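Asker: According to TrEMBL, the protein carries these features:
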{"type": "DOMAIN", "residues": "A:28-290", "note": "domain 'CoA carboxyltransferase N-terminal'"}
{"type": "ZN_FING", "residues": "A:32-54", "note": "zinc finger"}
{"type": "BINDING", "residues": "A:32, A:35, A:51, A:54", "note": "Zn(2+) binding site"}
């Protein structure tokens, strides 16, 4: 009996829980890039990484995002072990992937899976900018297309959080074609009546903004997120135009009719729940009886 | 000659030498025919060697040749009854994309393509073939019209990319491109896309979601221009040649990567040397494509297109994966 207790204890000790892993911060303190205020990383994380001082929305790791929205224990990840190859034999590419895998503890720049938000089932895809700037290569495209196919099969909504610098250069034209792949999958899903919700987070640019990020039945963004097709520097260099201060921010896009709403991270879960409720098929009793 | 290319220089010098010798032989009594014949054989050999071993960067030069035939050049030669249709019905008409209805060997079709200019004036009018959102929205309007009347769609791709500018961003360049990818995926008519010059990034792909994608032998199709890639990778745009080799952007590369269906052979030295002949080469492949696709019904075409793009990409699986969450 004593022995049994001992082995059990040992088992707990060798597998650190996810919570424990995430509690270990890269640095104990974080400096807000906007207001320059220094704060405890732990407190910032608890505040969903929204700056307590200036409301700046810090980038959010994919698994933190999922934990912040989905009902506890409901998440089931898809294709977690899918990884990139080096189709162009691009110098140093595999080494860079390996380094990012270590740094981010992710196998690629997107995490996909299914779960529930306040009981509403859905398929979710969350991009993570810590992995190769969230760029889209073959794996990101394939994982997203598969997730959409899953949503089609399960007949549940598809929710995507984007954070990406665009197509991944090291996979060349294969990355470009992932734009067509993911958009095509969304089209088939949409034809079936599927609900698509896109939430653009900082940054969403290039090939990602020009494909699935912009294809939601609802397109939302987080405050201050940089969203656009061409980079600011590229535009300034090619056309020598004076660009406004808020150029390509979520608020700029909202003003120009490109977004349904800009939503604060703290009210995201509530908004999504409301939307999922509105789209819920059927109800109890007839509406006029209520 | 205008637009001689870097790699053609040895050929040009040899040609010049031959004509000089011929000129000299005419004015003097010296018999140079043996000499001239020798040089001509050498020229022939050098031409064969040069054009059979084009490097990716050579092809980029041909694809960018100022006289390279454009969408309208091919429309004129491949179609009859062409009626150009303008405007996106929202904002304006973008001259960087042309489109309309026409007949292809008698078959009613919709034809759309990026349109460059061949001189500065026309290039300014057509914004160097770099579309704004209204260009893509016009293209989509014409595609939807084609679908309504059950006409096949033919797209010619020839752009450095979608225009990077303030107005383009304000009017939703991203959304316009994304919407084209999305809607093209669902078209219930055959869509054949042919890259005739430069296929630059999302701006090219926005006319590129076809059942078949073909490329002219010396055209390119890439996620970013060689200059752009060089600037990002090595912080030096002058390394474009190196980037062109690394990025795999030529027709043979894309065929090997499983992205395109057929390589359309080019006239030796490039399409600009004989536009009529080049149009005939395109005709052969286009006719075959349409004949094949017209066998499929609407739903089958949508599935065919989805499967085509779904299989593009390379990935593998880790055997042992320690689940992060």
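Count begins at 1; order follows the chain as displayed.
The backbone N, Cα and C atoms fix where each Cβ goes, and this holds for glycine too.
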Asker: Taking the centroid of the Cβ atoms of A:32, A:35, A:51, A:54 as the Zn(2+) site, which other residues of that chain lie with their Cβ within 8 Å of it, listed in sequence order?
Answerer: A:33, A:34, A:36, A:37, A:52, A:53, A:55, A:56
Asker: By a simple count, how many Cβ atoms lie within 10 Å of the Cβ of residue A:35 (Zn(2+) binding site), its own Cβ left out?
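Answerer: That number is 14.
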Asker: Is it possible to list how many residues within the zinc finger (A:32-54) are helical, extended or coil according to DSSP?
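Answerer: Secondary-structure composition of the zinc finger (A:32-54): 6 helix, 4 strand, 13 coil.
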Asker: So if I draw a 10 Å sphere around the Cβ of residue A:32 (Zn(2+) binding site), how many other Cβ atoms end up inside it?
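Answerer: Summing over all protein chains shown, residue A:32 (Zn(2+) binding site) has 18 other Cβ atoms within 10 Å.
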Asker: Looking only at A:51, A:54, the binding-site residues on record, which one has the least crowded Cβ, with the fewest other Cβ atoms within 10 Å?
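Answerer: Minimum Cβ neighbour count within 10 Å, taken over the binding-site residues A:51, A:54, occurs at A:54.
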